[in-house]
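Chemist: Per TrEMBL, active site, proton donor is recorded for 306. TrEMBL lists 467 with the feature active site, proton acceptor. The substrate binding site feature in TrEMBL is assigned to 231, 351, 354, 387, 431, 461, 465. Look at TrEMBL and you will find 64-132, 140-162, 169-186 tagged as compositional bias 'Low complexity'. Positions annotated as domain 'CBM1' by TrEMBL: 21-57. The region 'Disordered' annotation in TrEMBL covers 64-186. Marked as signal peptide by TrEMBL: 1-20.
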């Protein structure tokens, strides 16, 4: 009898341990080349999103420990992103947890729960919410950061539900310019519509409001309503898209795709991305397929901050070795997203202080990328993401770039400028947590009649999140400069002192 009881306890323990090893809500659970656990916890089933990516979603059609279909993305085991986030917030609103290496971060909320962290291979983050759960893993067992700080100066289309891939390397480029191809989405300025406010930013601002009082607290309350972009920067990002689209309704959602393999090749603070090109294509396909389920939504998709800048100017071996890979990835993103009628696509073009003297080279690289995206079209380019350049100087860059692109066969390009941190004109080569900056112009479509090329002011980089840190495994020497605000956490983590600086120096003021 004792043996039977012991065996029963042992069996129960084994079942629980087995179930614990399976993926939680929105975790990757299968796909071509995936090497993680091909099963989901109780109450979830493994749903194939595409050939490369399957995900644990609510439901119990299959046993908890059943094997996942072999069709989803290769796990992104990018171990460079070892940010030590360990923030536990317990709210009745939106909850954003940031998991760390070997950290146990529990949440219990009555709102949305957002799992963020940084490629911690053994993280196990439990959450129990009455709202939306947001989470995922980086090909192993831990969630990774949702919005990685950027640096380095830095409707469905019924006729084309499955855009063709770009031509193989060496194949002759399509002769027609981008304006002759692609869906109607990139022909429209979706910033003229009301813009969606990212709930993660609202929650982060709330964490700072709790530390403020008086006039600053009142001003911070006003900041919460400012729309900010949603960064798709980790391998669980495909599982987040639907929730944002549902929450946005008729508002325009601005997504920033920041998952390119060997991302941030010329620095360390935000290094990472998909493990290879096929994985990246799987992410693009999964996200686009989700957007197609919301044909009445309006989406702005900004592709891969700083990648174009590094393609033009970066001469390090790390960058030179991946130039073709990056071009192929950008072409694929344009080919897919740029063929959709409810998505307006912008390539990121760094900023004028970086590329202003290289606009002909920029145009040549853009032409190569677009020539290998025969089904896609871009609306234009984004600039100043995570940087501090004044709008006037950026618009001069836009004019030069538009002229160079027109000469290359791509006329009528439009631009979006990041105004989240450019309220104070400061001349510095430091991109990391620059001292003295302030919030700039609020997001707005067609903001200046005297700047007809400018589609919008937009807060693209989440202002208040760190660009990087001078300490830890992901330390970047630029973040240790005398004009970089000290005490910063790793890239993508909320930096309260920096938020306060931006608030105090905001122009226009709140």
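The chain as shown is numbered from 1 upward.
Positions of Cβ are set from backbone N, Cα and C atoms, glycine also.
Model, not experiment: these values are computed from the prediction.
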Chemist: So of 306, 465, 467, which of the recorded positions has the fewest other Cβ atoms within 10 Å around its own Cβ?
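Modeler: Checked 306, 465, 467; of these recorded positions, fewest Cβ neighbours within 10 Å: 465.
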Chemist: Recorded positions 231, 306, 351, 354, 431: which have a Cα within 10 Å of residue 467 (active site, proton acceptor)?
Modeler: 431
Chemist: Grab the substrate binding residues from the record (231, 351, 354, 387, 431, 461, 465) and give me their largest CA-CA distance in Å.
Modeler: 23
Chemist: Within 10 Å of the Cβ of residue 351 (substrate binding site), how many other Cβ atoms are there?
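Modeler: Total other Cβ atoms inside 10 Å, all chains included: 27.
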Chemist: Quick one: pull the CA-CA distance for residue 461 (substrate binding site) versus the residue listed as 'active site, proton donor', whole Å only.
Modeler: 12
Chemist: Relative to the Cα of residue 306 (active site, proton donor), which of the binding-site residues 231, 351, 431 has the closest Cα?
Modeler: 351
